[in-house]
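K.L.:
So TrEMBL lists these for the protein:
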type	residues	note
BINDING	CYS346, CYS406, CYS409	[4Fe-4S] cluster binding site
Amino acid sequence: MQPTTLFDKVWDAHVVRKIEDGPDVFFIDRHFIHEVTSPVAFLGLETRGIGVMYSNRTFATADHNTPTINQHLPVEDPLSANQLKALETNSAKYGISHWGLNNPKNGIVHVVGPENGITLPGMTIVCGDSHTSTHGAFGAIAFGIGTSEVEMVLSSQCIMQPKPKKMRVNVNGKLGKAVTPKDVTLYIIAQLTTAGATGYFVEYAGDVFENMSMEGRMTVCNMSIEMGARGGMIAPDQTTFNYLEGREQTPKGEAWDKALAYWKTLKTDADAVFDKEYTFDAADIEPMITYGTNPGMGIGISKNIPTAESVEGGKATYDKSLNYMGFGEQESMLGKKVDYVFIGSCTNGRIEDFRAFASIVKGRKKADNVTAWIVPGSHIVEAQIREEGIYDILTEAGFLLRQPGCSACLAMNDDKIPAGKYAVSTSNRNFEGRQGPGSRTLLASPLVAAAAAVTGVVTDPRELL
Ligand code: SF4
């Protein structure tokens with residue numbers, strides 16, 4: 001038998017029909033929907049007089065434009081309120097499970113799927129959000145889709161997709177002090193550039209990912225699309241199975257045993273060939289921070305901003321980016337003043353991220369010049385924060401815990417960074433205006449965010465641990 005990759009195994013098991021010289025018709029196991037990209041898709045179904053094919057494979061949660069304070073009160077913004085209402089109404093009409101505001105299972109779509117056991121190895125998963133790649137951490141093929149595709153999946157449970165090429169990214173060795181999964185992914189993107197994986201689906205392999213928690217793997221797969229990849233995935237292993245066992249919607253009893261036997265086959269064969277392969281050494285990675293306006297413009301926190309010649313996109317892009325950020329060539333990032341700190345999002349809004357944040361905050365105080373938004377990825381994460389005593393550490397240090405949602409990741413609610421202000425953010429994009437018009441985003445890990453939050457400037461977290 002021809003050796004195959006994990007990606008091929010999952011992809012080929014879901015092809016309903018091959019179109020000659022065209023895309024594959026591809027079956028979707030799980031479809032996550034939210035309030036922003038679903039209303040137009042449902043309108044399309046209405047117009048065409050058709051329904052939802054598999055409502056039991058479709059899951060709705062409200063997250064993108066929800067407020068992160070006073071969620072018990074009516075949502076003030078009329079557009080957001082309408083979209084939230086539409087999600088509720090459409091879910092009820094088509095029999096779709098809906099976790100709206102104040103539902104104890106509500107939270108960011110890519111946080112609640114895995115934590116409730118909806119995301120499982122070997123599945124195909126889509127959502128009208130780019131960072132659907134997160135679910136690849138479980139050995140699933142997961143990717144973001146557009147509104148018209150949301151309608152296509154609602155109505156047929158299938159999607160037409162050309163098969164991407166395959167890339168493997170290996171990181172071997174042992175990570176250094178304060179180097180987290182976010183640093184690993186920012187390092188890979190800095191090496192490969194934001195277009196480095198365009199047209200590919202990435203499998204992450206090597207010691208570093210094998211030794212990584214599921215939360216960490218989700219952070220890495222989440223960021224895959226920031227280097228242009230269609231998605232990223234990691235072979236399921238005992239860490240995956242331990243995470244999943246007993247979660248609300250995972251199979252139970254005999255069904256679990258059967259599923260487990262299948263999941264154990266989901267790995268790349270020894271001699272399988274990838275279209276492209278990269279290998280990095282864990283020892284070369286230090287805590288990372290971005291200085292520019294795309295996630296590839298990242299450096300080790302102790303390094304200086306590189307020269308224009310060494311950066312993707314040419315001098316004009318580089319100058320525009322640094323001008324927007326208010327930084328200069330070869331400057332150090334250490335010591336730069338920070339106005340806002342945001343910990344949250346589907347990249348770093350899980351319990352492990354808040355544990356890391358608290359490990360630096362414990363016994364210290366929030367810097368006076370910093371406004372901090374501490375936003376759990378879900379109500380379940382919020383409950384864990386309280387149960388584990390992290391809430392007490394945060395409040396003693398002068399931080400407030402907000403309610404779950406996407407928040408300042410894309411600033412569709414009130415959590416907007418003001419123009420010209422600097423935010424150290426654990427989210428995934430630092431594009432111009434991503435966190436609010438004129439906002440300046442420095443992407444980093446929860447440890448770097450915590451170090452900035454207590455010192456008021458960009459600080460190497462290794463000094464505080
Ligand atoms: S946190 Fe950001 S990237 Fe993640 S689902 Fe929300 S808007 Fe999308």
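The backbone N, Cα and C atoms fix where each Cβ goes, and this holds for glycine too.
Heads up, TrEMBL stuff is auto-annotated, nobody curated it.
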K.L.:
Compute the centroid of the Cβ atoms of CYS346, CYS406, CYS409, then list the same-chain residues not in that set whose Cβ lies within 8 Å of it, in sequence order, for the [4Fe-4S] cluster site.
P.N.:
ASP63, HIS64, ILE108, HIS110, HIS131, GLY344, SER345, THR347, GLY349, GLY377, GLY405, SER407, LEU410, SER427, ASN428
K.L.:
Which one of these binding-site residues has the most other Cβ atoms within 10 Å of its own Cβ: CYS346, CYS406, CYS409?
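P.N.:
Compared across CYS346, CYS406, CYS409, the most Cβ atoms within 10 Å surround CYS406.
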K.L.:
Which of the three DSSP-derived classes (helix, strand, coil) applies to CYS406 ([4Fe-4S] cluster binding site)?
P.N.:
coil
